[in-house]
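Below: one structure, written as structure tokens.
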4 protein chains.
Amino acid sequence: MTQGIKIVTIGGGSSYTPELVEGFIKRYNELPIRELWLVDIEAGKEKLQIVGDLAKRMIEKAGLPIEVHLTLDRRSALKDADFVTTQFRVGLLDARAKDERIPLSHGVLGQETNGPGGLFKGLRTIPVILDIVKDIKELCPDAWLINFTNPAGMVTEAVLRYSDHKKIVGLCNVPIGIEMGIAKLLDVDHSRIRIDFAGLNHMVYGLDVYVDGISVKDKVIELLSNPENSSFVKNVEGQGWEPEFIRSLNALTCPYHLYYYKTDEMLKKELKNYNEGTTRAEVVKKLEDELFELYKDPNLAIKPPQLEQRGGAYYSDAAVRLISSIYNDKRDIQPVNTINNGAIASIPYDSAVEVSCVITKEGPKPIINGDLPVAVRGLVQQIKSFERVSAEAAVTGNYDTALLAMTINPLVPSDKVGKEILDEMLEAHKEHLPNFFSKVEA
Amino acid sequence: MTQGIKIVTIGGGSSYTPELVEGFIKRYNELPIRELWLVDIEAGKEKLQIVGDLAKRMIEKAGLPIEVHLTLDRRSALKDADFVTTQFRVGLLDARAKDERIPLSHGVLGQETNGPGGLFKGLRTIPVILDIVKDIKELCPDAWLINFTNPAGMVTEAVLRYSDHKKIVGLCNVPIGIEMGIAKLLDVDHSRIRIDFAGLNHMVYGLDVYVDGISVKDKVIELLSNPENSSFVKNVEGQGWEPEFIRSLNALTCPYHLYYYKTDEMLKKELKNYNEGTTRAEVVKKLEDELFELYKDPNLAIKPPQLEQRGGAYYSDAAVRLISSIYNDKRDIQPVNTINNGAIASIPYDSAVEVSCVITKEGPKPIINGDLPVAVRGLVQQIKSFERVSAEAAVTGNYDTALLAMTINPLVPSDKVGKEILDEMLEAHKEHLPNFFSKVEA
Amino acid sequence: MTQGIKIVTIGGGSSYTPELVEGFIKRYNELPIRELWLVDIEAGKEKLQIVGDLAKRMIEKAGLPIEVHLTLDRRSALKDADFVTTQFRVGLLDARAKDERIPLSHGVLGQETNGPGGLFKGLRTIPVILDIVKDIKELCPDAWLINFTNPAGMVTEAVLRYSDHKKIVGLCNVPIGIEMGIAKLLDVDHSRIRIDFAGLNHMVYGLDVYVDGISVKDKVIELLSNPENSSFVKNVEGQGWEPEFIRSLNALTCPYHLYYYKTDEMLKKELKNYNEGTTRAEVVKKLEDELFELYKDPNLAIKPPQLEQRGGAYYSDAAVRLISSIYNDKRDIQPVNTINNGAIASIPYDSAVEVSCVITKEGPKPIINGDLPVAVRGLVQQIKSFERVSAEAAVTGNYDTALLAMTINPLVPSDKVGKEILDEMLEAHKEHLPNFFSKVEA
Amino acid sequence: MTQGIKIVTIGGGSSYTPELVEGFIKRYNELPIRELWLVDIEAGKEKLQIVGDLAKRMIEKAGLPIEVHLTLDRRSALKDADFVTTQFRVGLLDARAKDERIPLSHGVLGQETNGPGGLFKGLRTIPVILDIVKDIKELCPDAWLINFTNPAGMVTEAVLRYSDHKKIVGLCNVPIGIEMGIAKLLDVDHSRIRIDFAGLNHMVYGLDVYVDGISVKDKVIELLSNPENSSFVKNVEGQGWEPEFIRSLNALTCPYHLYYYKTDEMLKKELKNYNEGTTRAEVVKKLEDELFELYKDPNLAIKPPQLEQRGGAYYSDAAVRLISSIYNDKRDIQPVNTINNGAIASIPYDSAVEVSCVITKEGPKPIINGDLPVAVRGLVQQIKSFERVSAEAAVTGNYDTALLAMTINPLVPSDKVGKEILDEMLEAHKEHLPNFFSKVEA
């Protein structure tokens with residue numbers, strides 16, 4: 001390894017990039033980055049330039065010797081990389097808007113990660129990530145792939161199952177958000193909190209929670225049974241659980257559980273957004289436009305505070321602490337998506353899980369916390385089945401498999417409605433689904 | 001063992017009893033019953049008398065030396081029994097009507113076995129069956145308990161988990177109905193068909209289907225992808241699967257899958273019934289009244305053909321062939337509910353499953369057919385989680401646990417609606433839920 | 001399928017063949033064989049002719065229209081076969097003599113199936129069987145391979161793991177021998193006995209034993225605790241277990257357990273044979289010479305009774321009843337070697353086990369009998385580890401892997417002695433181990 | 001919790017105690033001990049006084065405010081303890097001498113932990129530890145029991161299986177010894193080494209080894225294939241592995257593996273010791289006598305360097321770093337004996353394993369490192385079977401179960417020899433086996 005670290009960020013033109021750059025700057029002393037390559041595609045060229053220029057200004061202001069490279073040539077960027085981060089969005093926010101709006105037009109939640117929208121996000125993303133992985137195998141086989149691209153669970157599952165590059169970690173800001181929320185709820189510093197996380201991406205539970213190593217789970221559950229305390233995590237608006245429900249569930253939930261344990265209320269809310277043109281994609285798009293206006297300002301050399309509304313809170317923290325722990329063999333505990341290998345008995349041995357891991361230089365190693373509570377195993381398995389069938393559909397481009405994935409999704413009411421949504425979405429996303437359409441044409 | 005077999009039927013006043021009696025008569029040569037005890041409770045005294053008299057006439061007409069005993073004294077009946085069959089209904093059809101109508105009044109399917117209705121049927125039934133099992137342990141510890149009482153999966157789970165009487169088999173007419181339907185579809189005699197069944201009660205899949213030992217699964221799936229062929233099983237009106245869905249599912253479904261893979265259509269249909277006063281309980285109630293009128297006829301000495309509309313088609317066949325195979329150590333293959341022990345890898349080792357078994361004198365032994373397809377594991381796990389949490393609620397009488405069971409049921413849209421349904425149903429079934437209300441009062 | 005069955009027997013010149021032919025004759029009415037192809041290699045040409053002529057005389061005498069073909073051309077024989085049976089011995093009895101004598105010369109039991117001798121028998125046999133399987137895949141892909149060639153467990157494991165032909169059943173006469181012995185001990189007809197077998201080939205336990213479907217295990221264990229009753233199985237001379245040992249083991253053993261639970265006594269006995277030139281291979285060789293003299297007699301048209309001393313008692317019964325049950329989809333229960341798939345929880349899911357199965361036209365399906373008793377899991381796992389590492393050594397021709405297999409064998413006292421035996425045996429069997437020596441030369 | 005920690009050491013009169021005291025002194029700043037209670041039994045009163053006086057002098061010299069209490073009253077000591085350490089030896093070294101010498105007199109290795117000697121050490125120890133655990137449950141239910149008493153794996157298994165106190169950690173100095181040895185071999189500081197340990201106590205393997213987080217396993221295996229490097233761990237004299245064996249094993253071994261992979265050589269060596277009166281117990285006894293002479297010296301106020309020859313090297317380090325990591329919620333990685341819960345797939349879920357764990361205030365949590373290599377699973381299972389059956393024998397006092405444990409031990413050649421050894425050892429240890437003999441008398 002040459003002196004210093006080479007990091008490649010695919011989807012470098014993302015509005016999140018300043019987050020990441022800020023994180024790299026803050027931890028430079030433990031993570032001496034030599035080169036940061038921001039990679040994007042032709043369609044994202046302009047954004048890449050804007051974000052890249054901001055990144056350069058930020059680094060210059062910090063007085064650090066990090067070289068920032070902007071490129072559309074992924075392969076030249078990957079050569080000898082130490083870490084590759086992926087945060088791209090195939091089809092951009094327009095695609096997300098379709099992922100959300102088409103299902104809603106059928107009275108079904110889109111849910112861009114574990115719902116029908118997530119299926120399509122997976123269908124678009126998985127072939128691309130497998131392509132990137134092929135390049136990594138060739139050009140930087142020792143590099144760790146840190147994937148932020150959603151649906152992060154499905155993507156991690158697909159890479160583990162359909163490639164032979166095992167150095168992938170799926171990363172999400174939901175667990176760190178829960179930690180932060182609980183810390184605030186208990187009014188203690190975040191560093192004193194530890195949660196035993198187990199489950200899947202966006203379907204993760206906190207099996208226990210500690211302050212200074214002592215379980216405070218009972219207290220936290222009691223606090224959460226007060227509806228006023230439940231909206232502690234941003235991004236998805238919190239709604240209170242029925243006190244008796246959360247008590248008997250006896251585990252911390254994540255915001256995405258609302259889609260499954262409060263399906264009717266979420267649907268009502270999102271249908272309202274649908275009608276008002278304020279679905280998440282639409283809101284985010286507006287935010288992004290504003291952000292890029294800010295980023296253009298040649299006097300801006302810090303991450304603008306407005307970025308926090310974007311929803312990626314703590315992404316930077318989560319990402320940089322993970323990379324640093326791998327690089328420095330810190331052996332601290334972080335929740336990430338990795339191969340199960342028995343950590344959760346009721347999930348297949350070779351599947352991706354989101355679980356508390358010790359982070360070593362050789363990557364994350366899951367910690368055993370016992371099995372999931374009986375009551376949640378069903379829903380978790382259902383999402384896992386959905387992830388696996390979706391990943392298979394993405395790789396094979398098989399229509400029937402895609403319909404199977406759609407129908408078994410817990411948010412979809414029937415094979416018939418599933419087929420209607422599927423057909424409409426396939427058509428809408430046609431240009432980003434070559435696996436499906438090249439075959440049809442052939 | 002004294003010469004001949006002693007069979008005790010709890011819930012003997014059921015309208016199904018003539019089915020069973022007919023079965024015993026037909027197979028008397030291989031199943032020499034000495035005594036048949038029909039047991040019921042005070043509230044069912046009149047029906048017991050009517051059905052019992054018919055049973056006596058049927059046996060007399062057949063010229064067989066089977067003694068029929070009618071009694072309200074369960075314990076004296078159980079003494080030294082060889083087989084105990086249970087087909088009782090706590091709260092009778094009125095309770096079932098509530099199980100169906102209360103959820104529907106909240107826009108939710110009741111589904112009397114695996115839905116909210118099934119939860120309440122379980123809450124009413126499980127304490128009674130555990131009581132019966134206690135008597136069996138004392139009075140006839142070597143007897144096999146053949147349980148037909150729904151929800152048969154949850155009841156079997158509860159007995160396996162909360163009693164130490166392991167000689168229980170849960171029996172359902174759904175698998176035999178599927179066999180019959182497939183035989184008709186293929187136009188071959190039923191005896192030539194064998195299906196590898198695996199799953200849970202009312203959530204069972206056919207993993208393969210054979211004619212004369214040769215797999216015809218591809219042909220059957222193709223036939224089932226034609227909507228005209230799909231309504232092959234009575235009881236729940238068949239609706240066609242989307243052809244691409246059934247092809248990619250690549251397994252035979254049971255009628256109850258409609259509740260999960262066609263939730264919206266089933267709900268629509270049942271809401272119509274709800275409004276017209278023609279829910280299943282209401283229809284069945286009318287049927288039963290008519291049946292009992294028929295049964296009263298002192299000239300009737302056979303099972304009246306009208307019974308077939310009752311929905312218990314093949315129950316007699318299923319029950320008597322099971323009892324005979326145990327009694328005669330036939331080692332033939334039958335689908336029943338029993339302890340998993342690894343037959344289905346993705347279901348807990350010690351849980352009840354519905355699976356093809358070799359039936360020996362020592363009871364059913366599951367056959368290994370490989371694991372469930374990935375796509376169905378989620379839904380199966382969800383029902384298993386529901387069954388386990390429901391059984392726990394029934395045993396403990398814990399309100400929070402009951403709410404947890406209700407909320408994790410895939411038909412229930414939220415903890416809030418779940419709580420509303422729960423509260424209303426608890427109140428409606430109050431008299432049959434001593435575990436819940438004695439505690440409240442205490 | 002043409003009318004009638006085509007059976008191919010590889011190693012057709014074996015002295016066992018008349019057994020098999022007798023079996024085919026006896027069951028002709030249920031197993032209408034059209035063609036029986038006896039295949040052997042150049043070195044076995046003469047024996048093939050002798051045995052083949054006897055087979056023809058036997059069939060002629062029985063008046064059956066079975067064509068017998070003798071050939072050295074395996075591929076032409078395999079074309080369109082329905083069943084292939086393998087009973088060959090690479091290196092003939094001379095090789096077996098080395099398998100037994102070389103370890104003994106180092107004070108170590110050879111044990112031609114699960115010991116050092118078994119390792120070498122596996123190293124010689126597995127490449128050949130994988131070659132045969134390749135031909136089967138090409139020439140008769142629907143044929144069932146019924147393998148009698150030892151070490152049958154290791155061979156089945158190797159085919160399951162290193163080929164994609166899954167239609168293999170490993171067959172052994174040990175379980176049927178135990179059934180016969182127990183029947184005799186209890187003085188009941190064999191047909192009334194059923195034993196729940198579970199374990200590995202030559203390491204199989206009887207977990208329960210039934211007469212007419214009723215467990216008589218306690219009685220049998222008590223009988224077996226009387227040393228006079230323990231020598232009920234031929235082939236390996238029976239020695240009595242310590243009564244307290246067999247009682248606490250609480251399972252039926254097979255004769256090969258003597259090598260592990262009475263290692264010292266078996267070693268003493270075999271060292272005596274070694275010194276006197278009466279090891280099993282030497283005894284069998286003499287027996288075989290005598291048998292072939294008998295077979296040559298043109299007046300002989302039945303299986304000579306002397307064959308029974310050869311050690312393959314009941315092979316014919318076991319083999320022909322298996323083939324018939326597959327052919328006729330009998331769904332009866334037989335103990336065979338097949339893929340585990342969860343039948344025995346403590347053995348890997350994808351490994352070969354010897355276990356009671358329902359025999360269907362689609363092959364054997366294991367029956368669940370619960371897990372192995374804790375006390376025997378260790379030894380069973382040890383043989384399974386040995387089988388898997390041995391199979392890997394056979395396929396790769398890797399010296400280190402072969403040494404690993406040798407050293408982890410429970411009969412081998414150390415890596416050092418293991419290496420001495422290994423080196424000497426590799427040299428002695430050089431001509432039959434091309435995987436090892438072609439590499440060395442290259 | 002009162003200010004400061006209360007530690008109770010049962011078997012406080014052990015010659016190891018000064019090790020422990022030295023460790024407590026060294027880490028006082030992170031582990032502020034308020035009270036150290038040394039507990040022993042009447043027979044150990046004198047030694048307790050000698051060791052206790054030395055401990056007091058050591059602490060006084062260090063100028064620390066730790067109160068040292070010496071007592072024969074276990075229950076008063078346990079009251080409100082924070083940590084309980086157990087290092088007692090039922091029957092003292094005389095019993096160990098019998099554990100070693102009686103088997104050797106039958107030509108069998110005694111092996112005081114996983115061999116016949118270990119069985120008897122377990123039979124003597126387990127009832128006592130279960131008694132202590134009962135007191136802990138009553139008097140200090142939140143205390144962690146840190147057990148050093150051998151056989152530590154069997155003892156941990158017994159407490160997990162036969163008590164409801166789950167706060168037990170079994171600790172051994174073997175893994176830390178391996179770490180130290182490897183550090184020396186690689187000439188790097190111990191703190192830079194990490195090993196993925198997995199297996200059972202005294203049957204533990206190093207699945208990977210890292211320097212600064214980078215795997216150096218290949219290099220270490222290569223070094224270990226040089227016999228000169230293999231004797232890196234004290235206590236059991238190292239002998240070189242055959243290079244090809246250790247390469248194909250491809251895992252680090254522990255010294256106790258010599259008993260299984262070099263049984264013949266170990267037996268030869270120990271028979272020599274037996275004849276010369278220099279078995280380990282005899283050597284240790286002499287060492288202990290000398291140590292106690294040293295301890296008596298009122299001028300001695302440090303751990304005398306001679307203690308290192310005693311064999312407990314690093315015990316102090318291992319013990320104190322474990323206690324400190326629990327107390328301080330350090331979340332560092334240490335190899336200990338705890339419940340498996342899926343960490344090693346091929347070992348039962350609820351069994352004790354020795355495995356790398358994250359040490360938290362809530363105790364050790366195993367890290368997933370994948371399953372054991374196929375080649376070692378058999379031997380590991382065999383010791384696990386032995387541990388479980390031995391623990392059952394200890395609890396039940398059942399003779400047959402004890403014979404079963406003895407016979408399935410891989411060092412015992414037959415049930416017959418096993419019975420001879422068992423009978424002789426039962427007689428020799430009679431006074432310490434009330435479970436066995438009270439029953440006989442009753």
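Note that Cβ sites are derived from N, Cα and C of the backbone, with glycine treated the same way.
Heads up, TrEMBL stuff is auto-annotated, nobody curated it.
These come from TrEMBL:
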- A:R96, A:N150: substrate binding site (BINDING)
- A:E112: site 'Increases basicity of active site Tyr' (SITE)
- A:C172, A:H202: Mn(2+) binding site (BINDING)
- A:197-412: domain 'Glycosyl hydrolase family 4 C-terminal' (DOMAIN)
Checklist entry - On a count of neighbouring CB atoms within 10 A, which of the binding-site residues A:R96, A:H202 is highest? => result A:H202
Checklist entry - Where does the mean pLDDT land for the domain 'Glycosyl hydrolase family 4 C-terminal' (A:197-412)? => result 92
Checklist outcome for this item: Rounded Cα distance, in Å, between A:C172 (Mn(2+) binding site) and A:N150 (substrate binding site) is 9
Checklist entry - Quick one: what's DSSP say for A:R96 (substrate binding site), helix, strand or coil? => result helix
Checklist entry - At the level of the C-alpha atoms, what whole-angstrom distance separates A:N150 (substrate binding site) and A:E112 (site 'Increases basicity of active site Tyr')? => result 8
Item to check | Cα-to-Cα gap, A:E112 (site 'Increases basicity of active site Tyr') vs A:H202 (Mn(2+) binding site), nearest whole Å | outcome: 11
Checklist entry - What's the CA to CA span in angstrom from A:R96 (substrate binding site) over to A:H202 (Mn(2+) binding site)? => result 17
Item to check | Residue, out of the binding-site residues A:N150, A:C172, whose Cβ gathers the largest set of other Cβ atoms within 10 Å | outcome: A:C172
Next on the checklist: Tell me the coarse DSSP state (helix, strand, coil) of A:E112 (site 'Increases basicity of active site Tyr').
Outcome noted: coil
